[in-house]
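Features as listed in Swiss-Prot:
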BINDING   9, 10, 11, 12, 13, 14, 15, 16, 17, 37, 118  ATP binding site
BINDING   88, 124, 128, 176, 185, 261, 273  L-citrulline binding site
BINDING   120, 124, 125  L-aspartate binding site
């Protein structure tokens, strides 16, 4: 099949920038349409059209996807308490299915022959893009130049320089960076020596402990149906809420992650993440669930949360299993209404209070050890006998 028109998922980084001349010169593509998703990157998006066009793209489309990114991806992750391997809140992984869906839509609208991405052959994003595209449009051809060209990062930078491509990395600062509203991910370069502390320069949206305020700050986050809706009594739209959560947590140095991560392709890698607001909201949400959900629901949901995070990390956002887990998780959130107080100080976010006027399962009359206690203590003996009966019978059988 001859490929004349391609829609490229474009970030403005060294790999996707180099993909444009590579697709034209090596694949024989006549027209490369660059598509960039606005996911709250801020200033990084300003020069992106010019970069794509100067690299050889026929046009560059920039779509504002911030609203669906928060409401359809970030908020479900908060409701799922999604932490891959117990640490990473999927800030980058959550963006990939949204980008893939819009990429497919644009390809169909423009009647393109194929889509393309600049993911390397050892990363996670190639899996996420390829599977999402195959699920949404199995008939669509996917070109993967960065998986085929066999160049090292230094060689890719040099290749881009030959075509006048201004890359956001250099040989002196060879980090690979992904940025969106939910956070930053940084890898490569000096970070590959896992015995060394990350240079402070890799952090941009969280303060070092030395530069955080000496005075702690207590904030209150209000949830409705499992979604955060207000901070300190002020109801906010989703974008403003995420921005404020990032500012508050980042100012106090909360939200840095330095982890050895198990990639989908089977290798371990060192990843640096800054996700101050998302981590803060997940922590507060977990606490509110502990107040409003029954114990058996919490235990079951905890197991499914791990699976949900794994599926999203592994590129299976559109899978039947992930959609089924959404159904369970969403049903549990009907009762997750209330507020959580969090103290931010020197890199920590400490829960200091929680309340739910509608759905609290903490009943003071039953929990108190004071005179208002309504718990019937004499019922405990019978309960313990029945509860421990299997153990008692097992012990008797051993003593025959």
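The backbone N, Cα and C atoms fix where each Cβ goes, and this holds for glycine too.
Since this is a predicted model, take the numbers as computed values, not measurements.
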Cβ packing number for residue 273 (L-citrulline binding site), 10 Å threshold: 26
Where residue 118 (ATP binding site) sits in the secondary structure, as DSSP reduces it to three classes: coil
Nearest of the binding-site residues (15, 17, 120) to residue 128 (L-citrulline binding site), judged by Cα-Cα distance: 120
Binding residues 9, 10, 11, 12, 13, 14, 15, 16, 17, 37, 118 (ATP) - maximum C-alpha distance in whole Å: 16
Assigned conformation of residue 185 (L-citrulline binding site) - DSSP reduced to three states: strand
Those residues of the chain, 6+ apart, with a Cβ under 8 Å from that of residue 15 (ATP binding site): 118, 119, 120, 146, 156
Span of the L-citrulline site, taken as the largest CA to CA distance across 88, 124, 128, 176, 185, 261, 273 (Å, rounded to a whole number): 19
